Amino acid sequence: MFALAFTLAGPAMARDRAQNPILVPAVSQPRIEVRQGFTGTQLLLYGAILSPEGARAAKDYDIVIVLEGPARPLSLREKKRVAGVWVNADSTTLRSVPGFYAVVSNRPLAQIVDERTAAIYQLGLTALQLSPSGSIDPAAQEHFAAGLVDLMRRSGLYLQDESAVRVKEQVLYEARIALPSHVPVGTYTAETFAVQRGRVLASATARVEVEKQGFEKAVADFSQHQPVFYGLLAVGVSIAMGWLAGRVFALI
Amino acid sequence: MDIYLPIASLSVNGLVIIGLGLLTGMLSGIFGVGGGFLTTPLLIFYGIPPTVAAASAASQVTGASVSGVLAHGRRGGVDYHMGGVLVVGGVLGTGLGALLFDALQRLGQIDTVINLLYVAMLGSIGGLMAKESITSLRAGADGARPVRARRHHPLVASLPGRWRFYRSGLYISPLAPLLLGMFTGILTMLMGIGGGFVLVPAMLYILGMGAQVVVGTSLFQILFVTMATTMMHALTTHAVDLVLAVLLLIGSVSGAQLGARFASNASPLRLRLVLAAIVLLVAVRMAIGLTWRPDEIFTVAAL
């Protein structure tokens, strides 16, 4: 989807390249290590907006930052009441659902870009492309997408904060995004957009790696690569602890 | 105390999990039920992904059962012969349950089936136990304690072939415990429970086993069936969280010991009434959950 966005934006960017600003993005932690005691973290995304000459941009730009986690296919089911009992009724398959999605900006997105631009660059929770497969009924898909976004938002994995970005002296910008402890691991992209009068003038990407480390990584790898031994270990630990407790309590 | 769970991929308060283990461990020690019927729903309620909850709860039940089996075994309360037959049936049932689970999951109806099963099983068994123990308690209060003729169900007698189960004091067809074991094995895989709350009443009322060996033998069967379940989850769903299991185990193995100690000093009739009340309570909660508008209309499943 990002590739598509770039091809669409390509000609416009080439035409105005001379006047377009340069974005220099950075993140506070390019690698987030998930290890024992990890309870989530605050990611600081910051950077500078410069004119092509490298001087201060001297114009007011709107800044929108999208932090997106690894996408995976999902099936989404909706419960309906059948004969007094709530059962899973309708379902849909979404081929690319980001495991984490945060969009932050310096003022409400609706004032920064119009709907079409928001859809092209996937700016905002309502503009998220989830690539549904199967039924293409737009109303139904919208209904499912809204349900998913609501679910993810309440679990803290999707967020939209329209005042999180602060732009200082037309040069520096910064934003903080909170990652909860249950963020999926993988490669995250933080894409910063400089927007003026509804047009995206520049964008730049920074990467963030979220990975399990140390003991947590060892356990996760062990369970995936050596399932037989992992299972035996789990059973062994259970029996040993049960037996040990029996011995200890027999002494008391 | 924040502890990060490597497989569930989230951090939890370790003390809450240990407390949960303690609670279900005590149930296990007192009543001989695995406690899984409480652990799994509570873990899910706490925010642990359902598959991880079911898979890890199984290993917790294993731990609690070991100390329970040891405690009861020391007192001669385990019929290993009967237990062996039940285990064979249970392991077969686990395999069947896995197939059934897969089929229902593909239909998207696994949650509803599990909830309906919970309501039906817990409701009928809880009701039966409550009725029985209230009747006996009343009779006891009147002074005229009725001597219940311990006898197996007529259907059991019609099965072919007979084995002697000395400790249970039975001479019945091994098919009866085998089928019962299979049935609980299926439930273990489908509902993420040890099956003890089905097994204990069935042993008492259908097989007609002696009350002194029922709890120990039920724990013996649960021990092996949950071991098989843990292995099956480790191989297929990769959802056994060792850290979560250890936390649950710390609580439940201690709870099981405390519970077994408590059970030997308490009136069995009252214990059965309390268990009936707990079982009925869970059933009612589940029934309400089915008919009330659920908190989440939408659910996601990874593909």
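Heads up, the Cβ atoms here are built off N, Cα and C, so glycines get one too.
In TrEMBL, annotation is done automatically, which means it is predicted and not curated.
Here is what TrEMBL says about this protein:
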- B:12-38: transmembrane segment (TRANSMEM)
- B:44-71: transmembrane segment (TRANSMEM)
- B:83-101: transmembrane segment (TRANSMEM)
- B:113-130: transmembrane segment (TRANSMEM)
- B:170-198: transmembrane segment (TRANSMEM)
- B:204-227: transmembrane segment (TRANSMEM)
- B:239-263: transmembrane segment (TRANSMEM)
- B:269-288: transmembrane segment (TRANSMEM)
The transmembrane segment (B:269-288) in contact with the transmembrane segment (B:12-38), cutoff 8 A, at least 3 CB pairs, sep 6+: yes
Cβ contacts under 8 Å made by the transmembrane segment (B:170-198) with residues that lie 6+ beyond its boundaries: 28, 31-37, 40, 53-55, 57-58, 61, 65, 82, 85-98, 100-101, 104, 113-114, 117-118, 121-122, 125, 152, 156-157, 159-164, 206-209, 218-219, 221-222, 225-226, 228-229, 232, 275, 279
Among B:83-101, B:113-130, B:204-227, B:239-263, stretch most in contact with the transmembrane segment (B:44-71) (C-beta, under 8 angstroms): B:239-263
Same-chain residue ranges lying at least 6 outside the transmembrane segment (B:113-130) that approach it to Cβ under 8 Å: 37, 104, 187, 190-191, 197-198, 201, 205, 272-273, 275-280, 282-284, 286-287, 289-290
Long-range Cβ neighbours of the transmembrane segment (B:83-101) (under 8 Å; 6 or more residues past either end): 110, 163, 174, 177-190, 195, 199, 217, 220-221, 224-225, 228-229, 232, 236
